[in-house]
Amino acid sequence: MADGDSGSERGGGGGGGGGPGGFQPAPRGGGGGGGGPGGEQETQELASKRLDIQNKRFYLDVKQNAKGRFLKIAEVGAGGSKSRLTLSMAVAAEFRDSLGDFIEHYAQLGPSSPEQLAAGAEEGGGPRRALKSEFLVRENRKYYLDLKENQRGRFLRIRQTVNRGGGGFGGGPGPGGLQSGQTIALPAQGLIEFRDALAKLIDDYGGDEDELAGGPGGGAGGPGGGLYGELPEGTSITVDSKRFFFDVGCNKYGVFLRVSEVKPSYRNAITVPFKAWGKFGGAFCRYADEMKEIQERQRDKLYERRGGGSGGGDESEGEEVDED
C-alpha cells in the first residue's frame with residue numbers, strides 16, 4: 001500500500017454524507033463478514049462503527065465465530081477498495097494501549113520544518129523514516145505500527161502479516177491460513193477519535209471473549225464458567241520512562257498473565273501461565289526481601305564509615321554519669 005494522502009494513495013473514499021454513524025449493533029444471525037471461504041461458517045457481526053477521518057472511511061466491526069470474538073478494521077479507499085486488519089479482542093486491547101502511546105508522542109511533536117518538507121518533496125513525497133515505531137506479536141500474526149510523515153501530513157501506518165499455519169479468527173484465505181500483508185494508514189489527527197471508538201467496542205464486547213476462548217463448557221453456565229466467566233481487571237504501573245501493563249486473559253490452554261513493558265522506543269511482553277503465578281510471585285517477593293536486607297547492610301556500613309562509633313562513646317559516657 002503506497003503512502004499518500006496522510007499515508008495512503010487509497011485514502012480517497014467518499015466522505016460519507018451521513019457522517020459517522022455511531023455504534024450500530026448488527027443482527028446476530030449467521031452470515032457473512034468473514035474473509036475467504038471459511039468466513040461464512042456461522043460468523044456473526046455483533047457491532048459496527050464507522051469513522052470519517054479527513055477524506056477516508058474506517059469501519060470497526062466486532063464479529064464472532066466458533067474460534068472466538070474478533071475485530072475487523074477496514075479502510076475504504078478510492079473506488080471502494082479496502083484494506084482490512086483482523087485482531088482478536090486481546091490484541092485489540094493491546095492495540096488500544098499502543099494507540100495511547102502514539103497519541104502522547106504525537107502531541108509532543110512540533111510542526112515540521114520547511115527543510116523537512118523540502119526533503120520529503122525531493123524523495124517524491126514518500127514517507128520519511130518513522131517518527132515512532134512499535135510492533136505486536138500474537139499467535140501467528142504480527143502487527144507493525146509506524147508513525148510517519150509525508151507532504152500531506154503525519155499518519156500511523158499499521159501493517160499486519162500472517163504466517164503460514166492454522167487460520168486465524170477471521171478464517172483467512174489461502175492454504176493453512178496464509179495471507180498477504182495488509183496495511184491501513186490512519187491520519188494522525190484522527191488517532192484520538194479512532195482510539196476512543198476502539199475502546200468503546202472493547203468495553204462493550206470484549207468482556208465475554210474469555211468465555212468464548214475457553215471453548216465449549218467455558219461459558220458462565222458450563223463447568224468452567226467460574227474460571228473463565230470472571231477474571232481480574234488489568235492494571236499498569238509507571239517506573240521512570242517505562243510502563244508495565246498487567247492483563248489477565250485465557251485461551252484454550254488456560255488462564256495466563258500477560259506482562260507488557262512499554263518504552264517510547266519499543267514494546268516487549270511475556271506471558272505467564274496461571275500455574276506459574278505462585279512461583280513468579282514467590283521469586284519476586286524473595287528477591288525484594290533479599291534486596292531490602294542488602295540495602296540495609298549497605299546503609300549500616302555507610303553509617304559506620306561516617307563515624308557511627310563516636311556516637312557509641314557518647315552513650316558510654318552518659319551511662320557513667322548516670323551511675324554516679
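Any Cβ shown, glycine's included, is placed from N, Cα and C.
Now, the feature entries from Swiss-Prot:
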- Ala2: N-acetylalanine (MOD_RES)
- Ser6: phosphoserine (MOD_RES)
- Ser8: phosphoserine (MOD_RES)
- 9-39: compositional bias 'Gly residues' (COMPBIAS)
- Arg28: omega-N-methylarginine (MOD_RES)
- 37-263: region 'DNA-binding' (REGION)
- Thr43: phosphothreonine (MOD_RES)
- Ser113: phosphoserine (MOD_RES)
- Arg164: omega-N-methylarginine (MOD_RES)
- 297-307: compositional bias 'Basic and acidic residues' (COMPBIAS)
- Arg306: omega-N-methylarginine (MOD_RES)
- Ser310: phosphoserine (MOD_RES)
- 314-324: compositional bias 'Acidic residues' (COMPBIAS)
- Ser316: phosphoserine (MOD_RES)
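Note: the Cα of Arg306 (omega-N-methylarginine) and the Cα of Thr43 (phosphothreonine) are spaced 73 Å from each other. Same-chain residues lying 6+ beyond the ends of the compositional bias 'Basic and acidic residues' (297-307) with a Cβ under 8 Å from its Cβ atoms: none.
The helix, strand and coil residue counts that DSSP assigns across the compositional bias 'Basic and acidic residues' (297-307) are 9 helix, 0 strand, 2 coil. Sparsest Cβ environment among the modified residues Thr43, Arg306 (other Cβ atoms counted within 10 Å): Arg306.
In the predicted model, the region 'DNA-binding' (37-263) shows an average pLDDT of 77.
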